[in-house]
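Visitor: In case it helps, TrEMBL gives these features for our protein:
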type: SIGNAL; residues: 1-19; note: signal peptide
type: DOMAIN; residues: 38-206; note: domain 'Ferritin-like diiron'
type: BINDING; residues: GLU55, GLU90, HIS93, GLU145, GLN188; note: Fe cation binding site
Amino acid sequence: MPYTISFLLASCMILLVQCQSDKCSIGMDSTLEDVKWKTLHSNCTQEVKDQIKMEYSAAMTYLSLGLYFSSDLINRPGFAKFFFESASEERQHAIKLIEYLSMRGESVTDIAELVKVNPETMHYNNPATKELDGKGALKLALEKEVSVTTNILKVMRACEAEKAEEEARLSNDYHLVDWLTADFLEEQYKGQRDIAGKLSTLLKMGSSNYHLGEFLFDKKMLSNEA
Ligand SMILES: [Fe+2]
């Protein structure tokens with residue numbers, strides 16, 4: 001037995017010496033900096049962070065609209081439900097993007113900066129102004145979604161940059177672009193179609209008496225029939 005222990009200790013010493021001569025950092029000196037595993041280009045990371053800001057901005061706009069329609073002065077519970085749910089979805093999109101960056105080794109430490117939202121995007125919180133009816137709010141949401149979709153395409157272009165050959169090679173991030181195409185764009189286009197369909201139905205229902213049409217449409221929104 002003493003011979004076995006001595007043999008094991010000697011083997012470990014040899015392994016350590018070999019590791020030191022090859023700059024191997026197994027053991028107490030272990031460090032990840034020696035291993036180049038983070039391949040997301042800095043341009044690409046910045047574009048993803050801008051997209052996170054947009055998702056939070058959309059979330060706050062929808063939260064603001066949800067509050068507006070749920071007030072006693074406006075009282076459209078169907079619209080309120082739709083916008084509160086939309087706000088949650090946008091927040092989830094932002095979290096998915098943060099998780100993606102984390103998976104690629106890009107820790108998000110500037111979260112306060114990312115969630116900072118322009119107050120203009122959430123000023124629909126004063127029901128007394130009655131500045132929006134249902135169709136105005138749906139048009140606003142459709143425009144918001146189109147701008148979010150446009151920005152996703154911008155992220156994809158930045159991550160497939162047509163620059164100098166070497167830089168382009170570094171920037172072509174096939175995985176991120178594929179993930180954005182499959183997960184995000186699919187949901188964006190479906191979301192845009194959903195809002196456009198709702199708007200179309202609302203306009204038809206309110207073609208002769210808009211207020212009555214909006215009241216009935218709101219009931220359909222509440223029961224997920226619109
Ligand atoms: Fe989104």
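All positions are counted from 1 along the displayed chain.
Any Cβ shown, glycine's included, is placed from N, Cα and C.
Please treat TrEMBL annotations as automatic predictions, because they have not gone through curation.
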Visitor: I want the residues beyond GLU55, GLU90, HIS93, GLU145, GLN188 whose C-beta is within 8 angstroms of the mean position of the Fe cation site's C-beta atoms, in chain order.
Guide: MET54, ALA58, GLU89, VAL148, PHE184, GLU187, GLY191
Visitor: Radius 10 Å, atoms counted are CB only; among the binding-site residues GLU55, GLU145, GLN188, which position scores highest?
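Guide: The largest 10 Å Cβ neighbour count belongs to GLU55.
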Visitor: Give, as a single whole number between 0 and 100, the mean pLDDT over the domain 'Ferritin-like diiron' (38-206).
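Guide: 88, rounded to a whole number.
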Visitor: Sort out the sequence-distant neighbours of HIS93 (Fe cation binding site) for me: same chain, 6+ apart, CB within less than 8 Å of its CB, listed by position.
Guide: GLU55, PHE184, GLU187
